[in-house]
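S.K.: Would you mind keeping the following structure in view while I ask a few things?
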Protein chains: 2
Amino acid sequence: MSSTETWQEKANKKRSSLYQLIPQAWRLSDLILQSLPKDCTMVPVTCGILSELDLEITEIDDIDELSCRIANGIYSAVQVTEAYCKRAAIAHQLVNCLAEILFTQALDRARSLDEYFKSTGGKTIGPLHGIPISFKDQFNIKGVETAMGYIGYLGIILDHNSILVDCILSLGAVLYVKTALPQSIMLAETRSNLLGETRNPRNRELSCGGSSGGEGALSALKGSICGFGTDIGGSVRTPAAGQESVPSVVGPISRSLGNIRTILKAITESKTWLIDPKVHNIPWREEMFQFQEGQKNKLCFGVIRFDQHVHISPPVQRAIDTAISAVRIAGHEVVEWDTSDNLQCIEILSKMYLADGGKDVETALEISGEPKQPGIYIGSKETELSVYENWQVNLARNAYAIKYLEKWNKTREITTTGRPVDGIISPVNAMPAYPTRFMISIGYTGIANLLQLSSIVLPVIRVDTVLDQINDGYRNSQIASESDQAAKNAYKGSEAFENIIVGLQIMCRRLEEEKAIAMAMVLEQALQSYQSK
Amino acid sequence: MSSTETWQEKANKKRSSLYQLIPQAWRLSDLILQSLPKDCTMVPVTCGILSELDLEITEIDDIDELSCRIANGIYSAVQVTEAYCKRAAIAHQLVNCLAEILFTQALDRARSLDEYFKSTGGKTIGPLHGIPISFKDQFNIKGVETAMGYIGYLGIILDHNSILVDCILSLGAVLYVKTALPQSIMLAETRSNLLGETRNPRNRELSCGGSSGGEGALSALKGSICGFGTDIGGSVRTPAAGQESVPSVVGPISRSLGNIRTILKAITESKTWLIDPKVHNIPWREEMFQFQEGQKNKLCFGVIRFDQHVHISPPVQRAIDTAISAVRIAGHEVVEWDTSDNLQCIEILSKMYLADGGKDVETALEISGEPKQPGIYIGSKETELSVYENWQVNLARNAYAIKYLEKWNKTREITTTGRPVDGIISPVNAMPAYPTRFMISIGYTGIANLLQLSSIVLPVIRVDTVLDQINDGYRNSQIASESDQAAKNAYKGSEAFENIIVGLQIMCRRLEEEKAIAMAMVLEQALQSYQSK
């Protein structure tokens with residue numbers, strides 16, 4: 001790459017090279033592109049590019065089902081890989097969700113998996129044999145760049161895989177794409193000078209969220225059966241720099257809770273703590289699912305309705321109400337979760353995020369000379385802390401964490417289960433989705449980051465333009481903050497959020513990931529039963 | 001406390017108030033004090049202050065045995081508590097190891113335990129019912145100060161217990177003393193303006209080490225059956241400030257490996273992660289002891305002989321040689337552990353320790369105006385990092401940690417067990433003990449701190465003035481560093497270290513504490529068998 005190129009030229013070249021990596025036969029016609037509906041989730045099905053087999057394969061939501069069919073020789077790894085490469089290519093043309101395209105390498109890998117399968121008389125190399133897995137462009141893949149949304153990182157070809165990538169490969173998976181993320185990662189949209197904006201497939205006028213928005217958009221278009229994002233403040237729900245006060249975590253994004261369970265189990269059972277010094281030596285705890293499967297035990301859910309910072313909009317209110325009704329009818333208990341300490345969480349988190357005065361991001365931007373994207377949440381001279389001051393913030397967080405556990409344990413007094421609250425149902429955001437260039441608050445997601453709570457998000461309702469009109473309660477709620485005012489201004493009515501799926505979050509204690517998945521399954525089953533009535 | 005007092009007056013008052021808390025009948029006579037031997041470990045037995053019952057009780061090394069006798073009504077909690085209060089009082093007069101004396105409170109607590117025992121017809125309130133447990137003066141106990149070696153912290157009466165203190169109380173234990181630690185904690189001796197120096201009970205001309213030296217000295221004099229220290233760079237083997245790059249850890253100091261197992265099991269089984277946000281949700285893993293008890297499996301020990309920084313002195317050489325011979329004769333394998341990466345560990349650790357530029361300690365010193373103790377390892381203007389620079393050091397540590405695991409896993413190629421090395425036998429220090437005012441290196445202990453390895457220290461040999469003379473190998477070793485030169489200057493011969501017990505360290509991977517204890521038990525059994533031949 002010539003150093004005389006401007007950052008704009010470098011970005012254009014990258015975008016164009018991505019497009020060139022999409023075979024001619026997989027490109028959407030101008031006719032289709034010029035008349036795209038707002039909700040483009042059906043375009044992959046209707047555009048005529050996917051064969052019947054491609055559709056059959058990519059419509060299978062369940063990893064276990066897909067891997068079973070590969071293991072039984074019904075599909076070859078090449079067939080599955082080609083189907084997902086095609087569908088991911090279509091998704092990218094629709095919402096601009098990819099950061100790297102590896103179709104050639106993917107098909108080579110798939111061929112070698114098929115050869116292994118054939119030569120061994122039907123053996124697979126692991127539970128993910130032939131399953132395409134996508135990664136946010138923060139993970140390293142040998143032989144390609146990890147741009148992380150920075151033009152300055154282009155041209156640096158990595159000579160090693162991230163540990164998780166190696167792990168997933170050892171389980172038999174196929175790498176085929178990396179997905180888009182925003183400049184700095186500290187933005188709840190997916191927007192960079194490098195790749196532009198990723199839009200929401202269910203409503204292209206809205207943002208897909210972020211920072212793992214590329215993964216989310218690809219998943220919604222079924223261009224991925226499972227992918228990995230990262231989360232430092234609500235992004236998924238790879239370490240950003242060496243910042244350790246708020247540990248950044250990796251998590252899967254997929255179409256079903258069963259897939260989340262399958263993939264985390266497979267990773268955990270490969271004992272990644274033996275190769276990754278950040279992973280705890282904790283085996284997969286299948287027993288944490290027992291209460292879920294037997295349905296013998298009554299659970300108690302805490303519920304959050306207001307983070308003390310931004311009031312939830314009518315569709316999110318309805319999602320919460322629906323979830324509460326569903327789990328109550330299923331025989332579980334719901335109690336209000338006290339959020340009176342939540343503003344302190346936001347305050348501590350902000351100090352930690354901004355402690356470097358923005359130097360980390362500025363250093364990355366200086367390489368190419370590209371400008372900052374509006375709205376990125378990074379520090380300035382004013383927010384920079386000394387190391388000593390940062391230690392004091394850590395101490396404040398420790399004290400906060402102890403009090404939070406005390407609060408949690410004390411809920412034993414208000415439940416009828418004999419136990420403290422098992423997990424918390426919470427909004428993810430105040431709004432179902434956001435217009436672009438809209439700075440959102442981390443008041444609903446940040447507590448999981450600050451305290452390393454186990455967290456999982458699942459879809460609950462679809463925005464209904466009739467049911468989700470602005471109601472008196474929302475209209476008359478007292479403005480709690482600037483962000484609250486901004487959110488209220490942005491929620492002009494339900495119409496702008498048509499088709500959006502509202503997800504809710506289940507949070508359990510720290511290192512209780514299996515329980516969080518199990519409780520999400522309880523909620524999902526309760527919702528299915530409730531909504532079918 | 002009057003604010004017109006000088007720091008010297010405040011310190012004197014504290015020391016004198018400690019002495020006043022020792023009942024007249026438990027005070028050593030001038031005759032005894034004026035003719036103390038260098039090794040004073042037998043003085044508690046010979047001084048005439050302890051009754052026969054006191055001696056019988058305090059000579060029981062095993063917690064399980066002692067608690068069994070209490071549970072069977074052979075000893076009352078008051079008898080056990082009084083015996084330990086007396087012996088701790090004697091220890092303090094010998095080597096100045098206590099920071100807080102709580103004899104009155106302890107006897108009150110013991111009386112209430114005895115009443116419970118009596119009124120319930122012989123029930124105990126937990127596995128530590130009536131067992132006195134000591135704590136380094138870094139843990140909070142309600143109603144008294146936590147001076148942490150700072151004169152400025154005197155007079156601040158805490159209104160809550162540390163979480164571990166509450167946990168230990170819930171198991172039935174009795175609090176009776178807090179033990180001395182050095183100013184700043186960052187010193188491998190136990191010396192402060194507040195309490196002065198704690199000496200080594202086996203050789204009062206030497207330091208007892210640090211920063212948990214008060215605990216160590218009290219334990220050596222059998223003034224405690226089990227106590228808790230902390231470790232940020234080798235202190236034991238409570239979080240110091242909010243520094244989190246090198247996590248500070250808590251650990252027990254006791255007279256037997258069985259006690260370490262008993263106390264950690266009891267704490268873990270009380271599920272402390274439900275109340276302490278820093279504790280991982282990992283149950284006690286009894287299965288990690290299986291290989292130890294059955295002796296069925298051949299283990300492979302890595303061995304460290306040189307940290308690339310300071311050569312080990314002849315007694316430590318002999319300890320290593322003895323351990324290797326013992327485990328080999330017991331049927332285990334020993335391979336050399338590669339330490340070529342160890343200087344980088346020391347470099348990264350130093351940057352992390354000094355990152356605040358010394359502000360944390362200076363802030364504590366300013367309160368009283370007391371001066372810095374010579375030799376404390378704290379930062380200065382020159383070593384202060386920005387938060388951004390600290391993040392870069394964290395990244396360097398992450399990369400180092402990954403390579404260290406790779407190195408560890410690769411030892412599979414040189415062992416005959418089919419597994420990588422199970423654990424590492426390592427020196428703790430280059431010398432068996434240190435003269436006071438001698439700055440030591442963290443080259444042998446720091447790796448466990450940097451990478452959070454599981455570590456335990458056990459006694460291996462006693463310095464032998466004949467066997468441990470300076471040998472040619474030691475005399476002619478090439479000077480590796482200034483610390484190496486200083487150590488060589490200080491090791492003038494074995495005579496100065498008479499009676500000192502040389503301990504060695506067993507290190508296992510991160511979060512393998514049970515395995516480290518089990519491997520230490522294997523080494524201990526092997527040594528007993530080897531040394532009895």
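Every residue gets a Cβ built from N, Cα and C, even glycine.
Copying in the features that TrEMBL gives for the protein in this structure:
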type	residues	note
DOMAIN	B:80-241	domain 'Amidase'
ACT_SITE	B:LYS136	active site, charge relay system
BINDING	B:ILE185, B:SER211, B:ILE232, B:GLY233, B:GLY234, B:SER235	substrate binding site
ACT_SITE	B:SER211	active site, charge relay system
ACT_SITE	B:SER235	active site, acyl-ester intermediate
DOMAIN	B:242-515	domain 'Amidase'
S.K.: What is the interatomic distance between the Cα atoms of B:LYS136 (active site, charge relay system) and B:ILE185 (substrate binding site), given in whole Å?
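M.R.: B:LYS136 (active site, charge relay system) to B:ILE185 (substrate binding site), Cα-Cα distance: 11 Å.
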S.K.: What is the Cβ neighbour count of B:ILE232 (substrate binding site) at a 10 Å cut-off, with all protein chains included?
M.R.: 23
S.K.: Across all chains shown, how many C-beta atoms besides its own are within 10 angstroms of the C-beta of B:SER211 (substrate binding site)?
M.R.: 31
S.K.: Looking only at the domain 'Amidase' (B:80-241), what is the model's average confidence as pLDDT?
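M.R.: The predicted confidence over the domain 'Amidase' (B:80-241), as a mean pLDDT, is 93.
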S.K.: How would DSSP class B:ILE185 (substrate binding site) in three states?
M.R.: coil
S.K.: Using DSSP and collapsing to three states, where does B:LYS136 (active site, charge relay system) fall: helix, strand or coil?
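M.R.: Looking at the DSSP assignment, B:LYS136 (active site, charge relay system) belongs to a strand.
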